[in-house]
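Visitor: According to TrEMBL, the protein carries these features:
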DOMAIN    B:93-305  domain 'ABC transmembrane type-1'
TRANSMEM  B:33-54  transmembrane segment
TRANSMEM  B:97-119  transmembrane segment
TRANSMEM  B:131-158  transmembrane segment
TRANSMEM  B:178-206  transmembrane segment
TRANSMEM  B:227-249  transmembrane segment
TRANSMEM  B:287-306  transmembrane segment
Amino acid sequence: MKLIDALYKDAPLATRNEITPKLGFLLTVVLALAWLIPFLWMGVATLRPSSDGINLMAELMPSLKPTLDNVRDAWEIGDFPRYVLNTTIICTGILLVQFVTITLAGFAFARLDFAGKTPIFYLFLMQLMLVPVLLIVPNLSLVVQLGLYDTLAGVMMPFFASAFGTFLMRQAFEAIPTELEDAALIDGASLIQRIRHIYVPLSLPSFSAFAIISVTSHWNDFLWPLMVINSPDKRPLTVGLSVFTKTAEGTQAWGTIAAGTLMVIAPLLITFLIFQKRFISSFVTSGIK
Amino acid sequence: MSLAEPAALPVATSAAPRLNVLKRFTSRFKASLPAYLLLLPSLIFLALFTYGAMSRVLIDALYQRATPKAPLRFVGLDNISAVLTDPAFTGAVVNNLIYALGTAIPSIGLALLFALALARTNAVTSALRAALFLPVLIPMVAASALFLFIFLPNVGLLDHYIGRLLPVLPNWLGDPDVALTAIMIITIWKNAGYYMLFFLAGLQAVPEDVMEAAHLDGAGPFMRLRYIILPELKPTFLFVTVIATLNAVTQVDHVFVLTQGGPSNATNLVLFYIYQQAVEHFDVGKASAATLLTLAALMALTALSFRTMAKREGGP
């Protein structure tokens, strides 16, 4: 209790001795530890030698003879380098095209006056209300018609335009003083030059916030790539992991599953732990993606 | 007005009035042209994959093939009624409603608890926030792979530690009465940390001086929660509820990996039903009809919640 008192020493004097907030805090600590158990098991099971047998598999105490055999097995059974490559191509491809589309559209909404601005704005807004995941059936038939079935381009294409990104960039561009642009205009800079040299460099925090949301959500996409991709060598990480899990489950290779899962989530977890603050503030802006 | 937005200068003309209208229209269009060109890339993709997809759902829902090889023929509302009378669909709707309530309420409640406990920033609360946020980042498929072992009968993590206390061990993912609850536990674990962020942001708007005044008047923690914090968080609640509802419809990856809708359809959710119709039964008509019904329900719900929000904001 002393420890918790120390945490509350900057609380207002009147509430410093209240017991309820401290009980709530204790409960949260217990739950936060419980929230970590799946990750803890993943780490412990990855390092557990198969000689420990199935009955020790659930033990959260690390084995005294840690081994990397499971990591090696997972690496050999699953085609993880290929999956990582595919997911990287998908996320990068989507993000690069999105950067272009949201910058141009965001600028039009922020700084230009044009006929039909309000109706077009609502057209964009509609994309936020229509959950793209629900449109998998019509979008799959379109991708087939376009000849993009079983290609990474087919996985990327529905996400090339982003209403969320457009609104984010519109907000960022509106905050930039018009005097800067006027100065460039007097110097004879064209529209594209003004966007490229004034608006984009001054909005980098918004671009990075958008990049975080875009990459994490497409890194985690499962249902859409599952429908579009057929060939094993074009599978992204999530689809690859689900197939890998099915195979390893058949042989009860739980340590291998843990190692495979670890490999899939490690890049995101490491990036998060480094850029924690930026991740959290980006996710707050992401309410509806 | 900035120099960057040159106003369209009215063109002096002595021609007939009709020509004048046409000219004004073209000059307005010319002035708007740069904006249209900037919007074009986005609009093309939105047209293909959002509006186009919407109209394709509408059309596809009206057609059907007698056999997989037969030509398409117009069937009107037959697909819709076929879906509505399909026990698998109505079962999926009921499951989805249970799933929505059973995940939204606990995860929002937990998120509020977490946010209240971790509102002040120091090293300890930052670490705890990070711990609670970790599940948000990982793919649902990865979460499923971990919970596959956690829920494994007899030797799994849950049975190994908690199961010993129970007289009969439930088969978490294999028993139709328990499987949906198991699926819901995964969703709650994954989403509570996400909703916590919105409550943390909302709590910063609670005015410090009102809280102090309440302390002085002797209001206890529950009184302050009930009469100051909760009213202040109303917009956050509404917003998080909308997101939680959307998630309850769209977040079904764990059903694919863990149960495939089984045992005996106990975990079949609407999106999984749509997938089954389209991919496993090649019945695009029925899949489109189910998509249409789901979209209509979701849009009505979103519109309703935004109207309530607008009323509350603007009301007395």
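Using N, Cα and C of the backbone, Cβ positions are placed for all residues, glycine too.
Can you tell me where each of these features sits in this structure?
Guide: With a cut-off of 8 Å between Cβ atoms, the residues of this chain six or more beyond the transmembrane segment (B:33-54) that come close are 295.
Taking Cβ pairs closer than 8 Å, the transmembrane segment (B:97-119) reaches residues 125, 128-129, 132, 180-181, 183-184, 187-188, 191-196, 198-200, 202-203, 225, 229, 233, 237, 240-241, 244-245, 247-249, 269 in its own chain, all 6 or more past its ends.
Residues 114, 169, 171-174, 182, 185-186, 189-194, 196-197, 251, 253-254, 257-258 of the same chain lie 6+ residues outside the transmembrane segment (B:131-158) yet bring a C-beta within less than 8 angstroms of a C-beta in it.
Within the chain carrying the transmembrane segment (B:178-206), a Cβ under 8 angstroms from the stretch's Cβ atoms is held by residues 95, 98-99, 102-103, 106-108, 110-112, 114-116, 118-119, 129, 132-136, 138, 140, 143-144, 147, 151, 170-172, 228-229, 232-233, 235-236, 239-240, 243-244, 247-248, 251, 254-255, 258-259, 262-263, 266-267, all 6 or more beyond its ends.
Note on the transmembrane segment (B:227-249): residues 96, 99-100, 103-104, 107-108, 111-112, 116, 187, 191, 195, 198-199, 201-203, 205-207, 210-211, 214, 219, 269-271, 294, 298, 301-302, 305, 308-309, 312-313 of its chain, located 6 or more positions outside it, place their CB under 8 angstroms from a CB of the stretch.
Residues 54, 56-58, 60-61, 79-80, 82-84, 89, 238, 241-242, 245-246, 249, 270-271, 273-275, 277-278 of the same chain lie 6 or more positions beyond the ends of the transmembrane segment (B:287-306) yet place their CB under 8 Å from a CB of it.
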